[in-house]
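Engineer: Pasting a structure here, questions to come.
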Amino acid sequence: MDQTAFESDRRANCLIESPVCERLKSEPCWLGIDEAGRGPVLGPMVYGICFSPVADKEKFGTMGFADSKTLTEEQRDKIFSEINSSLDLLGWMVEILSPAYISRSMLRRDKYNLNALSHDCAIRLVKTALERGVNVTELYVDTVGDPAKYQAKLKEVFPTIDVTVAKKADSLYPVVSAASICAKVARDKAVKNWEFQEKITLDEPNYGSGYPGDPKTKHFLEASFDRVFGFPNFVRFSWSTAALIIEKDGVQVEWEDDDEQDGVPENTPTVSQFFKKKSERPELKQHRFFTNRQLTPVTSL
């Protein structure tokens, strides 16, 4: 899997995809979705999809796909090679979500949690497959959050597609298992080949599993932490594990404008008030809570 585009800027997301053969455009296809790297505090999260003609479901099922978590890295690499040797039967796409993007998204002013981020990525991949001409008629998804609510959400976006959302879908539907393998292979390569833009050197190059409870991951977090600049881009600093280290060991910052607020007379105008139009009435301006969510007043029913 060529990750040159991602490696050129690991702060940005990256879409990687296989060619789409004519059969996938002309025949009804089933499509599976799964992710890899949702829980770790280190590295990217990767969403993957795999799709194949419905008519070849039985043949597809004999290719030995299984939940990627039950396979060794060598087994996953072998199956992924077989996938790329069978592009007359199937196709795949993965989107690598960078740790920096995950952190920025989860810490932005408008609430945007990991479930919403995951849903949006899955929907984006299906839309991309449709744009490439894939004739998707059946969609199978390993659930994120409540299966019934997620299924209803997907059905609303894709009303002409038969949608199935289930727990452990990667062990129930081979097309989801194949998507799981594509996602896991992509994440493994991204983590293994990670080069630190911050030019840090580590006494222990093994990050462990990336999960907060792993001793090697804990050691990496402690060794890579800078008291002023925090963590390298490899770390999801929105995770509570990282946030606690920043709070405990980072340099405390006091902003000058915070101090300046003390002792300011109550009626002193703010700088922004000097840039308002004279005709603008402050009491009529909507709060950003409403504007950020594109909510407008209802004047009639």
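We count from 1, first residue shown onward.
For all residues, glycine too, the Cβ spot is worked out from N, Cα and C.
All TrEMBL annotations are machine predictions without curation.
Okay, these came from TrEMBL:
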type    : residues             : note
BINDING : ASP34, GLU35, ASP142 : divalent metal cation binding site
DOMAIN  : 28-251               : domain 'RNase H type-2'
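Could you place these features in context, so I can see how deep they sit and what lies close by?
Structural biologist: Counting every protein chain shown, 23 other Cβ atoms lie within 10 Å of the Cβ of GLU35 (divalent metal cation binding site).
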Engineer: If you count Cβ atoms within 10 Å of each one, which of the binding-site residues ASP34, ASP142 comes out on top?
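Structural biologist: Per the Cβ count within 10 Å, the most buried is ASP34.
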Engineer: What other residues of this chain sit with their CB within 8 A of the center of the CB atoms of ASP34, GLU35, ASP142, the recorded divalent metal cation site?
Structural biologist: ILE33, ALA36, TYR47, GLY48, VAL141, VAL144, ALA169, ASP170, VAL176, ALA179, SER180, ALA183
Engineer: Take the domain 'RNase H type-2' (28-251) and average the pLDDT across it for me.
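Structural biologist: Mean pLDDT across the domain 'RNase H type-2' (28-251) comes out at 88.
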